[in-house]
Amino acid sequence: MDMRVPAQLLGLLLLWLPGARCAIWMTQSPSLLSASTGDRVTISCRMSQGISSYLAWYQQKPGKAPELLIYAASTLQSGVPSRFSGSGSGTDFTLTISCLQSEDFATYYCQQYYSFP
């Protein structure tokens with residue numbers, strides 16, 4: 001008996017797998033922020049669907065690889081200063097820098113790891 005399944009049919013069946021997740025859209029704001037040393041800075045990240053606490057925050061400086069700051073929405077990576085904090089769950093998350101230092105001037109990214117393409 002021939003058990004081969006056409007690729008098109010297999011793709012269609014995969015769409016109906018129980019628990020299959022759709023793509024998650026992420027919106028980070030503000031896209032550009034002006035701040036001075038000593039300021040309290042807040043960056044938000046909103047998901048198109050709930051991701052529990054499967055969110056990480058990264059800091060990237062020019063010419064360097066991104067560095068993990070926070071994972072599981074609010075857990076500080078070892079060695080990261082306590083002025084950084086994360087909060088939120090579900091669809092809305094926040095990264096806060098309580099007292100901005102000169103070495104904190106960088107690009108910040110949020111990343112969800114609840115669902116992968």
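Note: Cβ is positioned from N, Cα and C throughout, glycine not excepted.
Feature annotations, reproduced from Swiss-Prot:
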type     : residues : note
SIGNAL   : 1-22     : signal peptide
REGION   : 23-45    : region 'Framework-1'
DOMAIN   : 23-117   : domain 'Ig-like'
DISULFID : C45-C110 : disulfide bond
REGION   : 46-56    : region 'Complementarity-determining-1'
REGION   : 57-71    : region 'Framework-2'
REGION   : 72-78    : region 'Complementarity-determining-2'
REGION   : 79-110   : region 'Framework-3'
REGION   : 111-117  : region 'Complementarity-determining-3'
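Every protein chain considered, the tally of other Cβ atoms within 10 Å of the Cβ of C45 (disulfide bond) stands at 23. In the region 'Complementarity-determining-3' (111-117), helix, strand and coil residues by DSSP number 0 helix, 2 strand, 5 coil. Other C-beta atoms found within 10 angstroms of the C-beta of C110 (disulfide bond) number 23, with every protein chain shown included.
Counted with DSSP, the region 'Complementarity-determining-1' (46-56) comes out as 0 helix, 4 strand, 7 coil. If you average pLDDT over the domain 'Ig-like' (23-117) in this model, you get 96.
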